[in-house]
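A.B. asks: Got these off TrEMBL a minute ago, pasting:
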ACT_SITE  Ser138  active site
ACT_SITE  Asp292  active site
ACT_SITE  His322  active site
DOMAIN    60-207  domain 'Alpha/beta hydrolase fold-3'
DOMAIN    251-325  domain 'Alpha/beta hydrolase fold-3'
Amino acid sequence: QGRILEKTGLCSQITFGRYVRQGRKLGLDPKLFIQDLQFNEVPVRVYQPKATSDGPRRGILFFHGGGWVFGSLDTYEKVCRYLSRESDSVVVSVQYRLAPEHKYPAAYEDCLSATQHFLQRLQRYGVDPARVVVCGDSAGGNLAAAVSQSLAGSSHLPRLRAQILIYPGLQALDFNLPSYHQNRGVPLLFRERAAFFALLYLNGDALHMQEVLEGSHIPPDMRLKYRKWVSPDNIPEEFKVRGVKPLRPTDFIAEVYETVKRFCEPNLCPLLAEDSVVHQLPESFILTCEYDVLRDDGLLYKKRLEDNGVRVTWYHLEDGFHGIISLYDYCGFSFPSGKRGLDSVVNFLKSL
């Protein structure tokens with residue numbers, strides 16, 4: 001549909017995709033105060049429970065998914081209301097700038113800036129400085145991990161209590177990890193689309209997508225350097241039973257690397273952060289889905305966090321696929337495993 005419209009010149013595929021995903025406007029919520037504000041000029045939506053509270057509440061900064069290209073405050077309205085109501089927390093949903101119009105690091109900078117603004121004004125929202133959490137799904141999980149790493153060593157702001165990463169995309173070095181091949185054609189995120197979105201975020205275009213999928217965009221010495229963190233060897237064997245395709249080595253293409261070398265920046269690919277940063281990270285919750293190309297990104301980051309002494313709660317949806325959380329109560333239909341995933345997040349929040 002989007003392609004047809006693009007060919008007829010009516011609108012681009014992306015505009016169409018955004019239109020389809022925009023979400024319906026919801027009415028008032030009897031249990032929540034909801035207001036649209038700006039934090040450091042970044043649009044946010046704040047959800048506050050109406051019930052009186054014994055003391056300051058938990059605060060959650062929520063970064064939505066959508067490949068850095070799609071998604072809005074409205075798309076994630078139901079998810080944010082659910083999190084706020086069920087965990088009795090103040091939720092701040094952040095409308096960061098989207099690619100391809102706004103390339104990296106725009107989305108990351110908006111999320112970091114909104115988070116810093118909130119951390120400086122917690123009292124105004126009745127939030128406990130010892131219980132602030134960053135949370136995101138998919139591209140939002142990438143942004144939450146990047147923000148968390150950026151704040152890890154910061155002494156002038158309250159330290160984050162936890163990070164919640166829901167099937168996050170955390171690296172763009174290797175699109176040939178086992179989960180990328182096992183789930184290459186599983187909706188809602190195909191293998192090609194994952195590379196397409198990463199390139200749109202980085203460069204505003206998806207040139208060289210084929211070379212990136214094949215792996216010819218990373219120099220051999222760097223591949224070797226990062227192998228200790230990004231490698232099928234670090235993925236538990238039970239995730240390889242559905243078959244793993246050995247990767248035939250491809251030739252490195254220097255001019256492709258020139259266009260994508262920022263893929264090696266941890267603010268874009270948090271899996272590549274140094275141990276000195278990772279070991280300062282707060283307690284973490286990682287949700288992965290079996291039928292998801294990004295499953296192994298989550299598994300690799302879980303290992304890195306654990307290797308660095310960070311406490312990790314891991315929840316794996318055996319029957320889950322990418323994007324299942326954002327489909328919670330979507331147009332009246334919902335997947336039981338999506339609700340289970342969302343409730344696992346709520347239970348983790350309640351434990352903090």
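Note that Cβ sites are derived from N, Cα and C of the backbone, with glycine treated the same way.
A TrEMBL annotation is a machine prediction, not a hand-curated record.
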A.B. asks: Cα-Cα separation of Asp292 (active site) and His322 (active site), in Å?
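C.D. replies: Between the Cα atoms of Asp292 (active site) and His322 (active site), the distance comes to 5 Å.
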A.B. asks: Measuring Cα to Cα, how many Å separate Ser138 (active site) from His322 (active site)?
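C.D. replies: If we compare the Cα positions of Ser138 (active site) and His322 (active site), the gap is 8 Å.
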A.B. asks: Around the C-beta of His322 (active site), how many further C-beta atoms are within 10 angstroms, looking at every protein chain?
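C.D. replies: That number is 27.
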A.B. asks: Mean pLDDT across the domain 'Alpha/beta hydrolase fold-3' (251-325), rounded to an integer, is what?
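C.D. replies: Over the domain 'Alpha/beta hydrolase fold-3' (251-325), the predicted model scores a mean pLDDT of 97.
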A.B. asks: Suppose we draw a 10 Å sphere around the Cβ of Ser138 (active site). How many other Cβ atoms does it contain, all chains included?
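C.D. replies: The answer is 30 other Cβ atoms.
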